[in-house]
Structure formats: structure tokens, C-alpha cells
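Enquirer: So TrEMBL says this about it:
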type: DOMAIN; residues: C:94-311; note: domain 'ABC transmembrane type-1'
type: TRANSMEM; residues: C:12-30; note: transmembrane segment
type: TRANSMEM; residues: C:100-121; note: transmembrane segment
type: TRANSMEM; residues: C:133-160; note: transmembrane segment
type: TRANSMEM; residues: C:172-198; note: transmembrane segment
type: TRANSMEM; residues: C:243-263; note: transmembrane segment
type: TRANSMEM; residues: C:289-311; note: transmembrane segment
Amino acid sequence: MHHRLLTTTAAVALGLFASTATAETLRFGASADIYGFDPHGVTSSYDNIFVHNIYEPLVRYSPQLDIEPALATHWEIIEPTRIRYFLREGVTFHDGETFDAEDVAVSLMRAVHPNSPLRGNLPGLVDVEIVDDLTVDLIMSGPSPLLNNFLTNIFIMDAGWMRENNAVEPIDANQGEEGFTTSNANGTGPFMVESRRPDSQTVLVVHSDWWDEPQHNLTRIEHRPISSAATRVAALLSGEIDLIQPAPLQDAARVEAAPGVRMLENPGLRTIMMGFNLTDTLNDGNVEENPLQDIRVRRAIKHAIDMDLIQERIMRGKSRNTAALIAPEVPGFAPELNERLPHDPDLARELLAEAGYPDGFAFNVNCTNDNYVNDEGICQALAAMLARVGLEPRLVAEPRQLHFERAQAGQTDMFMLGWATLPMLDGFSVLSAMLHSPEGSYGTWNPGQYSNPRVDELTQAIAVELDDEARIAMMVEAFGIAKEDLAWLPLHQQPLAWAAREGVEIYQSADDLARLWTVRINR
Amino acid sequence: MATSTLARVWHSDLAWSFRTSKTALISSVLLAIMFAAAIFAPQLATQNPFNIAELELWNSELPPFWVEGGSRQFLLGTDVQARDVYSSILYGLRLSLIVGFASVILAAVIGISLGLLGGFLGGIVDAAIMRFADVLLSFPAILVALLVNGIARGILPPSQHQDAAIYVLILAIGLTNWVQYARTVRGSTMVERQKEYVQAARINGISGPGIMFNHIMPNVMGPVLVIATINLGMAVLTEATLSFLGVGMPATQPSLGTLIRIGNEYLFSGIWWVVIFPSAVLVALVLSVNLLGDWLRDALNPKLR
Amino acid sequence: MLGFLIRRIIQAIIVMLAVALIAFMMFRFMGDPVSSMVPEHATEQERAEVRERLGLDQPLFVQYGRFVARAATGDFGLSWRNARPVSTLLAERFPATAELVLVAAALSLVVGIPLGIYTALRPNSFNAQMLQFLSLVGISLPTFVTGILLILVFSVWLGWLPSFGRGEVVDIGWWSTGFITASGLKALILPSIMLCLFQLTLIMRLVRAEMMEVLRTDYIKFARARGLRDRAINFRHALRNTLIPVITIFGLQLGGLIAFAIITETVFQWPGMGALFIQAVNFGDVPVMAAYLVLVSFIFVVINTSVDLLYASIDPRLRVDDAGPAGGGH
């Protein structure tokens, strides 16, 4: 369970003036509000990282994305299906209760409850056995090479507090549920909730009894959702906000030129790709069959797209074009997976003619317009390039909530998806969710219904393989098949683009998640 | 015959007032230019910005031709998708005016019909129409338009939103603006109804609708024109506002409001031409319509002069 | 007078029932209320049960009756977008919109009336002509363009005023107010200017037109002939007669301000009801749209009815049913 994550960030606080730390408030401008505080209520990684300020997992990712102990100090594999976690002593919740094994047992079982939206994020957990006050055994259905990676995303709540407030049953935000835990929180984390006004402001204050040595020098965090990118930049430039995420790429020059603020940019892990509808009919086509099932048509689409131009113009040279479904830093990547088909519109036309569509055909292209870096811009450019080889793409750009609902229901022909392999940080995430045929807990994000028996077979083998080398070899093989089949059309890894006031120091993690408990403000 | 009609028009009060009013002259010249630009947009434009196959990304973000780095091929520069701003404005203007005129016509047709009906029939029909008009009038147009828009979005499948956008806008704006026509026409109709020629027509056995459309309607058209002029400005503004709010024309078929919304996202990135030029054209359009409407109202209502 | 009062109130109730009917139709026919309530893999049996529980098997007018009864108690169910009770959402957002609209309304009166009087009294002066032209520009300028310009100048270039949000707010009971903190007051300035501009020009033009008309009446001419001083005529006699229609129109325009707040709230990321509504339109979130419609209509109907009653008590001639000035704004 070791990762070599090549993070290139350098914005680390030197801590020279740490001793003179005064009351510092971080005003954080985000693009959207969090859903609520329930740590098991939603699957969005953005919500989860904010909640991470309040609640903590057994093990956590450091800003450099190495796994490090959090509420568990160490662990040991007793049997392949029984893993023992030794819990930290002297940890208290915000309300003063002591943290113990029962909290872990109740929280983990809450997260994998059949009604919990998070159940897929901790697959294979059968039971939690309490050994003593500070020791638990996790009973798994099979060997789980990625258990620690999964656990980074499962937060621990206080069992007594949940019982008192009738909150032991999980709630599912997607199903229209709201409970006590949506607007109240009681964690062990570095910050506690002071107040919350949905869509306006959420205030956290420092938890003075935190078990860890704080890296931050904050006393208060104000989370303010500002959905318009231009307004977000304006607020940063006028000094109303200390840190914004994301910062629009097109405004980078303006931000750099302005005094007292700066851009924070780095390559990210999130791969942006287009999914294909591979079922028997198009949703919005003008032909009987589904031309996208023909590999020549998919190749033609790939050849028609000039990613270098998109990188230069739309992404301002900041993205990393790719042919692989995962970033080079993620286990499962191999250089040969990243060999891109060249931009060649003539070949694209030829391939289309060969496949029997010399005059093209109509189909939907669905995108988000509020989720990824310049998502709508990318799609408009893509559509223009496809139109130039004779295809008739019909562009639909929507807010993420509508887009993902539609895409997952299989109502699109080509749809945009970004995948950072979170919280696993492992290629298995892509294999199990996006490449395995949809069945059971596999293929949950494979609405185009790509299906290849060998990929399925490899995926199931990888799931229980404990030997790192063998796992990676199998992953590379499976990704190779998917690449050959052009199951998905990878575009690029989007850059991390944040912007901050001078003096605000934060390590820009490659997963694009702002770990606010590591922020230092120097004046 | 034709010359004498022309001469009569030329010497009429209205024409005299027009010839001597600087605002009326300037605004109508401006309007004439903009109408011509909209009508001949396909001929005048150097690119069809609605045809995505014509957008070549390597031409994106060029400044206007007089700025360094600009090109004569793109007079007012290009946006991030390499859409020619000059051509987009022409096509956007065309869209804005199409929506404006169509919704004004829709509103006028509804308003005149209901007004005639109410004024002519009177009684419960009249009361019902006028009560409904009162209620609608107390709701701001933008709100009703948003609501019609929201309902249409809920009913139509998403892939049709784009193609249907223009009709939804016309419907939304038209349905909210008919009240003033209805009130005015009803008032005039009630007056005309009492006049002798109507009585005579009745005695001659001409049917109700015949009287309404052939005899009364021509006599109530004057005020309708004034309202229509003023409403055109409002309709254009409403369309722009809805597009700016993101519920109007889509980015692939931008109207002036959509262009401003897109440009607004690049407000801080130095691509000022994407937001400035469409805004200026929109303001000029609405201002000229309003100036003309203002003049027309004053000219037809000597009391206020 | 009592008869008039009763007639007006009955009329208001009919209007609200009609609005509720529209809201009900939205609920019933936009989207499938059942599929949003049951898990994807629900059986036909389960769906039927939900249908029964929701009362969807009843005749339409019974459903409508139930809807009205629930709406009257403020129950509009859960938002489809974020699964919170719609009534809570609106209650949270209401103070933000109310404060913005009140400030904008006050501004448009305080500035608009004097300007209107000035331009009416000196119709040919350069200043008055300039103001008259500017007012037309004010009507022609799309409010969102004004908002963008205000942010650019006062927030980004000068850095004087905040570009978004309400600043610091204080809770007084369920009401959150920005009136009692410095940052809350500062945050109000730009949005309320943007919001009031259109109304301000409208009021100015209206006051000017009314005042000029009144000044031409025999009554004023007579007063002048009696040798009353200009000031006395203008302010004691003319202004009073001018303000009656202005107040009526203003009542109607208050509704306009609430609607226009939608645009202001979008530009300034103001956490009010308008921003909520526009989100709902974007997402096709019917419960929020319907509830906003009913709430705003209710506010309009209350304002209009009270303006009518006020008007009638000032001027008895208007107690016939045909009152109601033209107007409505764009």
C-alpha cells in the first residue's frame, strides 16, 4: 500500500514565524456549497474533504497523498480477511466525549449500511469486532489490498452522540433525506462547526483539544460558496477572500499581475474523458443502429480531435494530454498506455467512410458546465472539431447534478466524465467502476455498457490480489485492452488551479482537494 | 394618387414633429442601420457563428483589428471559441430582433383579439378578460417569462432545449406583454362600438367578427403602434436578461444577452472586446427604440408636449 | 366602503387560488412525482403504494384541494435539488431579499421624487433635459450590465465595496439582518444601487409627467392667479396631487423590485430567494419554483390590495371596480 506520488508543489510553509501566530481567519471561496455535515451522506470528494476538517478517518492521506495514521496508530493483518486496527489513545470529540472502539464499529457499519450512499466506498466489509476499548478487527469478505485507501474516506462519529440524536441510521442525500447530522457535527478533527448558512457561509473554529500537532495557524475558517468564477476572482482581487478554488485559467494572467495575490498551479490527477454509448441504439441519432459500436467510428472521433490545440487555447497550456485513463502517478499506469493517436482529420473522414458513414450521423454530446476546468469550453471545441469531419454532434451543457443523473441513466451518446480514482488512488478504481461490465457492485459508472470478458476477469482477480507487482501487471494488461477497444476517450489531466492572497500558504495536493487544516497565514 | 398620399403623410403633424425632432431622427437612423444589419447578417458577416464547423480554434481570442495582434479577418476580434465577435453581434442582433418582433406580434395578436372581444361583447366575457389582465399586470414580466421558461424546460427533453430555446423565449415574452394592448383596444372598442358606422354595419347584417376586424380594428391601431414600439425595447431587454441568466439562447446560438453572459466570464482575463461590443450594441438598440417610443408617445399625446 | 373591501378581498383570494392552480399543475405534470420518491429498483407494487400514499389515485380536484390546504400551511414538500424542506429554504432566504428590496425601494423614492419634481419645474433647463435623457439611458441599460460595471469599478478597480454576498449578518430570531454590521451595510450598497436604478428612473419620469399635468390644471392656474407664491403652489398643492398616483404605481413596482432582485442576486451572489428561484429554474426544481411563485404572488396580492384600499380611502371616486392604473414595468 505504498504510493510514489510525484507531487511537484513547493508552496510549503517554512514556519519561520510560527511562534508569533495570532488569531488568523481563512476566508475560503469555493465554487459550490457543501451539502451538509453528515460524513456518510454524500460521495462527492469535495464535500468529504471539507468534512475532513471536522471528522477524521482511521488513516488519512497526507497533503503529499501518502497514507499516514490518524485515529488508528497502526494496523496488522491477522488473517487475509481479518485486519486489526490499534486506535489512538486520548482522542476526544468536540463535545468532550472520549473516542473508543465502539465509535469505530458503529461508524463503519453506518457507512456500509445498505441505505448509505457511501457503501460502495468500503467494499467487502462484513463486520467490525471490538477487541478492547482501543482495538478493533475489520472482518472482510475477501482479501482487500486497498483497505487503507478506502478507510481514508470513512469518517468516525461518536456512537453515543448518534444514539442520543437518533442518527445511527445513515441518510442518503441523493434520496432526498436530511437528518440531525446534516446540520450538526461532532467530530474529532482540528475544527468545530460554529455556524452554517446554506449557500452563504459556513464557519469553523479551531478545536483546541485536537490530538495532533497542528500545522496550521488558523483559529477560524469561513467557507463561502461563490458560484460565478468571475465573481470569485473579483472577491480575491478586492481582498474579501483569501483563497479560491478553482481559479479560472483564463484569469491567471490577471491574478499574477495583480499585487498581493498569486496563482497556485500544478498538474492534477483528475483525468477528463468522454464516455461512449455502446448499447444497440443512439439516444438522439438519425440512424437505426449505433455507429459508436464500430471501433472505426470511435477511432475516427479520436483522430478528429486536436487535443494539442485544445490544450493550448482552452486550457492555456496547463493541462496534460493523455491517452491513458489514469494519471502517471496512479498505480496501474504504464508509459505504453499513454501513446496517443495523432490528430488526423483526413484519416477520420476515411475511417467514417469505411464504416459506412461518409456523411456522418447525429448524436448527443453531453457535458457539465460547472464542474471541471473549462468543461463547457472543451466540449464546444470538441463539437466543432467533430463537425469538421462531417459528424453532427448536438451539444448539451448542463449543471453537474443534471448531467451526472442523465449520464448515469444512459441517456447520453457521448458524455464527459472526470475521474481522479479517489479515494483509492489506484487504477482499480477505474477498472471496477468504469470498465467492468455493469453487474452488482462492478461497473457502477459504466452507463455506456462497455463489456470485455478478459477485462472483467482481470478486474476480479486484481480485487483480491495482495501482491503489488502482480496486481500492477494485471492492471496494465486490462488498461491495454481498454485502450485498444477505445472503451473511453481520454482527453487530459486537468490542472490544479487555485489562487490565494500573498501570505496564505497551502500545499496543493495533486487530488485537487484543499486540506484547510494545513493552511498557514503569514502577514 | 401615390404622390398625394406621400405628400399628405409628409405634411401631417406627425411627420412634421418627426422632421423637427433630433432624437427621433437620430434614433430612427440608428435603428434603420441595426435592422439592416440584422436582416443582411448572413451577407455582412464574415463567418456563420452558429455553424460550429466554421470555428477554427487557432483563431481564438484575437483582439479587434486595430489592436496589436488583431486581424482584418476578424474586425472586432474573436472569443475563446474563435467565434468572430463582429459576426456574432450581427447574428445575435438578428436573434434579439426576431425574438423581440415575434413576441411583440404574439402579444399584440393576443392583446388585440382579447381587447376586441371584451370591448365588443362586454358583460361577463369582458369582466373575466379584464380581471385576468389585471392579475397578470401585477406580475412583473421577467418573473412570468422565467416561469414559462422553467415550465418549458421541465416539459421538454434536454436535447430539444437548444432547438426550442427561441420559441420558448418568444412564447414566454409574448405571453407576458399582451395586457396593455388588450386594455387599450378594449377602451377604444367600447367607444367605437357606440358610433354610427358600427350601428349601420350591424343593421346591414354584418357579423360580429366582421365588424370587429373590418370596421373597429383599423380605428384602434394608432395607440397599438405606440405600445408595440415601447414593448419592442422591453422584449429585447427581457430576452437579453433571460439569456444572461442562462435560461435563454444557448452558447452555440448566442443572442446579444448570451454573448454578454459569455463575455462576463472573461471579464478579468483581458478579453474585453467579447463583453464590451455586444453590450454597446444592446444598449444602443434598446435606447433607440425607447427614444423613438418616447417621441411617438409625446407626438401622439399633445397634452404632454 | 365595506362592500369594496369585501369585493377586493374575495378577488385577492380568487387570484391566489388561480396561482395555486398553476403551482399545482406544475407539481402534477412536470416530472413524475413518484419516481423521485422511490428507489430506482422499486417494484410496480411499491410504486402503487407510494401513489396511494401521496393521494395521486384521487380525482384531480381532490388533489388540488389537498395541495391548497398544504400550501396554506406553508408545506411544499422537499426541494428536488437538495432535499431540504422548501419552506425552510425560503424562510432562510427571505430576509436577504426583503432587506435588499426595502433599501432599493427607499433609495428609488428618496432620489427619484426630488429629481422628478426638479425636471417638472424646470423642464427646459439643461440639467433637466440631461436628467431626462439619462433616465432613458437608465431604462435602456440592462440591469446586469449596470451590475457588472459597478463591480468592475467599485470592487475591482477602487476596492471600496464588496463584490458579492451579504457581508456579516446577525440573527435576530429567525431573521438574519445585515443592517447592524458595518460589513453588512457596505455589502448592501452596490446591489441596492443596481436594483433601484430602473425603478428610480421610472419614478422620476412618472413624477415629472404627473407634476407637469397637475401644474397645467385649472386648479393650479387659479391658485397662481390668486397670487400664491410658486413654492406654496408647487409643494402644497401640486405635489400632493402628484403623489397619489405615484404611490399606487410604487406599490405595483415593489413587486417589480422583488422580481428584478432575481438578476441582482445572480450578479452579486446575494443569498436571497431570487437566486434560489433561478437555481430552481435551471434544475427544473418544481417544488421550489412553485413555492416561490405562491409566496411572491401572495406578497403582490397583499401589496396590491392594500394599495387599492389605501387609494380608495384617499379618493372615494375610485371605489368603482374599474380602477387600477396602467403600468407594470418590463
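The backbone N, Cα and C atoms fix where each Cβ goes, and this holds for glycine too.
Caution: TrEMBL annotation is automatic and unverified by curators.
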Enquirer: Between the transmembrane segment (C:133-160) and the stretches C:100-121, C:172-198, C:243-263, work out which stretch tops the count of Cβ pairs under 8 Å.
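Expert: The stretch I would name here is C:172-198.
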Enquirer: By Cβ distance under 8 Å, which residues at least 6 away from the ends of the transmembrane segment (C:100-121) in the same chain are close to it?
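Expert: Sequence-distant neighbours of the transmembrane segment (C:100-121): 127-128, 131-132, 188, 191-193, 195-196, 199-209, 211-212, 215, 234, 239, 243, 246, 250, 254, 257-258, 261, 264-265, 270, 272.
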Enquirer: So if I exclude everything within five residues of the ends of the transmembrane segment (C:243-263), which remaining residues of that chain have a CB under 8 angstroms from its CBs? That is, six or more out.
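Expert: Those are 97, 100-101, 104-105, 109, 113, 143-144, 147, 195-196, 198-199, 202-203, 206-207, 210, 270, 272-275, 277-278, 296, 299-300, 303-304, 306-307, 310-311, 314-315, 325, 327-329, in sequence order.
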Enquirer: Could you pull out which residues elsewhere in the chain have a CB under 8 Å from any CB of the transmembrane segment (C:172-198), counting only those six or more residues past its ends?
Expert: 91-92, 95-96, 99-101, 103-105, 107-108, 111, 138-139, 141, 143, 146-147, 150-151, 154-155, 161-163, 165-166, 256-257, 260-261, 264-265, 267-268, 270, 329
